[in-house]
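These notes are about the structure you will find just below.
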Amino acid sequence: MNAQTLTTPATATVAPRQRMRTFIDRFAMPIIFVVLCVVLAFSSEYFLTARNLMDILRQTSINGILAIGMTYVILTKGIDLSVGSILAFAGICSGLIAAQGHGLLAALSAGLLAGAVLGAVNGFVVARLSVPPFVATLGMLSVARGLTYIVNDGSPVADLPDAYLSLGDGKLGPLSMPIVIFAAVALLFWMVLKYTTYGRYVYAVGGNEKSARTSGIGVRKVIFSVYVVSGLLAGLAGMVLSARTTSALPQAGLSYELDAIAAVVIGGTSLSGGTGSLVGTLFGALLIGVINNGLNLLGVSSYYQQVAKGLIIVLAVLLDVSRKKQR
Amino acid sequence: MNDVLLEAREVSKSFNGVTALRDGRLTLRAGSVHALCGGNGAGKSTFLNILMGLLRRDGGSIRRNGVEVSFASPGDALAHGMAIITQELSPVMGMTVAENLYLGREPTLGGFFVDYRKLRKQAQALLDRLGFAIDAGRVMSELSLAQVQLVEIAKAFSYDCQVIIMDEPTSAIGERETETLFAAIRSVTANGAGIVYVSHRLSELAEIAEDYTIFRDGAYVESGKLVDIDRAHLVRGIVGRELVAVDKEKRPASDKVCLNVDGLSRKNEFSDVSLQVRHGEILGIYGLMGSGRSEFLNCVYGLTSPDGGNVLLDGKPLPKGDPAATIRAGISLVTEDRKDTGLVLSGSVRENIAMAAYPSLSSLSVINGRRERALADEMIGKLNVKTASQELPVSSMSGGNQQKVVLAKCLSTGPTLLLCDEPTRGIDEGAKQEIYKLLDQFVRAGGAVIVVSSEAPELLYLSDRIAVFKGGRIVAMRDDDNLSQETLLHLAS
């Protein structure tokens, strides 16, 4: 491969062997991703078809949207275990509004609001009351799931109007709606993280909270806000999921937080905060999507898929650890 | 030569093709304290890490009692009678002093149950023998920073090692603890142990060490007896050139008051502090650890809220408890511990410099990348920060350069008043001088500076006036030219 062109100028003077090492460390995940795709392309003629690739993207979109919010949270050294439950709650809330015929805009607003409000509660408990994020969002995982059952007595909302369903099966050119939403969200939040002061503050707060505070950054506000972002995106994902499955289910999104966290971690964002990127997360989410899809195509049981996914998560962190050890 | 405990020759090491150490040499005699001197980036830390088995050397030889050795881990080094006290403290804060001292080698009952009584007795005996007034039964988190450092020092002594490496052991402790430490050092060297002592405080070296070795730019420069040379010779060896003194006499005095603090108090920290700083002036604050000096600065800056009193900046009241507003009003704080509160270590040089200045580098909170890079370039040039690129992480830089980045961050918001808390702690002589010069330039351009330092010579050298803190109050405000180090210490203790 063209190792030469891909190395950055900073490492250009390094001996060839070390350069190879740096290269492998740096691009390990993309390499695994490409290798996996090549293997799958040879083992299943269906894998590389446009239709299948679109399927992968569409299946990745829900987890991808969750993982974007999760990236923000993890960058500040936090964690959000409640996204799966918030997703279900927002799905039911917006579904109910839509089913009562209040129009798409009202339904969308309701879903986003429901997600943002629960996220804000998370943020308040973490930032203001100083409850560790793991505990605060573990509580919300249960509370939000309970609320989801309470709101509609544990039944799904099935009679969703066509306008609402278009979130799931609509198309914009060749792209289906979930992919379009996913891409738009990814682009927006990538830009916010990269080009705004807010994005820089998210990194600073996770990198060194005390230093951020001394620099006049409103640390609590930033921490509060990332949980709102995570809740909001979970709300959005909930609506897309309901539209795709044509009904809002109260048991939707069970253990989705694990895939979202996995995508972030595989993407190289450190759980200790301050380092990582959204592009990495997107790669992570895609990798999970490809594994699920590929193993399905090969007729491997979903039990093995779990094992494969678990191994890859640990492998990803292992690479990260060995990279740090080198210094 | 069997009285040589440790001999290292031509030790070298490089990271990713960058040479950190070209030629490390040291000969440690039994019963001596050996000062290892050198600026940041001179290769001292790399060298010590190799000695202790934390890093593996690329070349050269290390002989312990005349036998060639190569340690794979600090445990390995310990087994050969070598212990280290590092700058970075790593105690288990929830455990008691005794548990920390004997972590991993607790006396047991039947090989399984910890014998707490014996542990406690053993630990107390050790502390008493060293003359450290610490109760072995206290929980670490209840101790002051200085006491924690003493416990770490006691731990290194507890292995009864023949070679003890001390990397800046006094950076976190006050003058009185330093005396206790020196007494302990003298008693172990009298028993034939050898100590490698690293410190940027040159006056300390003169007091405790006999031999010296100087490193510069990753290589051995010279070694000998400290009695044969003077301080200027040592500084020249470390810096590699003559130093230019700050021209203190001709600093213009202005009548315009910049900061006016009136009766500022905060419970359990400091009370009724009143002082004024004029434009064009450097005010020094001297005090021992725990005198309330850092707490006072943090409160003025807004990291904490005062219980009473007022602060005026250029005649206008300063908002309380809001660092962002304080920065807007024109004050910056250079914090005491650059790794703990100063820098985002995972961030790049550019991001760290721009961190506090983003409001002025952005419109509608979108960052203007070009202006951000220009600011970073300007600051890197102005402060002479040594880095290949502004994109490199600050964690890869030496202490002196990191401190310059902290200063750059503080200057980039365009302050009129700089609060500096130990601005030169743990950095080398050359970088110190550069920072003194910068502060001097800053006040000459009309700014004002408050410097808190526990190094009296630094304050005497730098300040126009010196306020002495003791027990949370100002006990003296001096501006005499013939103020001495002894007088300051006397006033503060």
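Heads up, the Cβ atoms here are built off N, Cα and C, so glycines get one too.
Remember, predicted model here, so these are calculated numbers, not experimental data.
Range A:278-297 is the one annotated as transmembrane segment, of A:278-297, A:298-317 (source: TrEMBL). Against the transmembrane segment (A:172-193), stretch A:56-74 has more CB pairs under 8 A than any other of A:56-74, A:81-99, A:105-127.
Between the transmembrane segment (A:81-99) and the transmembrane segment (A:27-44) there are fewer than 3 Cβ pairs closer than 8 Å, counting only residues 6 or more apart in sequence, so the two stretches are not in contact.
Counting C-beta pairs under 8 angstroms (sequence separation of 6 or more), the transmembrane segment (A:222-241) reaches the transmembrane segment (A:56-74) with 3 or more such pairs.
Scored on C-beta pairs under 8 angstroms, the neighbour of the transmembrane segment (A:27-44) with the top count among A:56-74, A:105-127, A:278-297 is A:278-297.
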